[in-house]
Amino acid sequence: MAPMECVRRRNVGELVLRCAATLVCMLSLMLLVRDQQIAVQEVGVTSVTTQLRYSSSTGLVYLVYANGLVALYCFVVVLTSSFNGGSVMRRNKSGAWALFVLDQVLACILLSAASAASEIAFLVEKGAKKTIWDSKCIVYGHFCRMLEVSIATSFIAVIMLGSICVLSAKQLFQQYTHYARIVNMVKLKSTPNSLL
């Protein structure tokens, strides 16, 4: 296979992966934003109506913002690269470095948000006996199930972003190996023939 064909296939693969990450992040975001449940609990002789939604916890709000940020970033990169003929801003080293760093940073942000939301989901499901906080999934079962699906899709997006990070790192550092090959070729041409 020709080297240009490999580069083109890798660029198309990266674009498809970025599109998939955009869709998965949007799915996770929509599941979490639409996830709410109202429950009526008996407290003594009265009943109390309570509502649980993503805005009840700052960790879940963080996950919503992180998913939105990653989806927007991936969409913008796909959009700009589609106008650049499929190359994902790799024309120069500064663009490749920007993508490499942003991919890494956003993958870490989404991983930390999904991890924080996982801890919240664990506390909602299991409770915390030391603080006398009971499990809320008995009352808010639908909310808990939707929260788990949203967190799972966020971790799928993290895996996709990790794959994108590997691809962007490979493409960035291949520019340096290409440069090193050119320098070595120039050095070989400049050596005197008497050494041969």
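In case you wondered, yes, glycine gets a Cβ from its N, Cα and C as well.
Database features, via Swiss-Prot:
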type: TOPO_DOM; residues: 1-11; note: topological domain 'Cytoplasmic'
type: TOPO_DOM; residues: 33-58; note: topological domain 'Extracellular'
type: TOPO_DOM; residues: 80-95; note: topological domain 'Cytoplasmic'
type: TOPO_DOM; residues: 117-148; note: topological domain 'Extracellular'
type: TOPO_DOM; residues: 170-196; note: topological domain 'Cytoplasmic'
type: TRANSMEM; residues: 12-32; note: transmembrane segment
type: TRANSMEM; residues: 59-79; note: transmembrane segment
type: TRANSMEM; residues: 96-116; note: transmembrane segment
type: TRANSMEM; residues: 149-169; note: transmembrane segment
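Long-range contacts of the transmembrane segment (12-32) within its own chain (CB-CB distance under 8 A, at least 6 residues past either end) are made by residues 54, 60, 63-64, 67-68, 70-71, 74-75, 77-78, 81-82, 86, 88, 110, 146-147, 149-151, 153-154, 156-157, 160-161, 163-164, 167-168. Cβ atoms under 8 Å from those of the transmembrane segment (96-116) belong to residues 25, 59, 62-63, 65-67, 69-70, 73, 77, 88-90, 151, 154-155, 157-158, 161-162, 164-165, 168-169, 171-172, 175 of the same chain, restricted to positions at least 6 beyond its ends.
When pLDDT is averaged over the topological domain 'Extracellular' (33-58), the result is 82. Using a Cβ-Cβ cut-off under 8 Å and counting only residues 6 or more beyond its ends in the same chain, the topological domain 'Extracellular' (117-148) has close neighbours at 31-32, 34-37, 39, 41, 52-53, 57, 59-60, 62-63, 154. For the topological domain 'Extracellular' (33-58), the DSSP-based tally of helix, strand and coil residues reads 6 helix, 16 strand, 4 coil.
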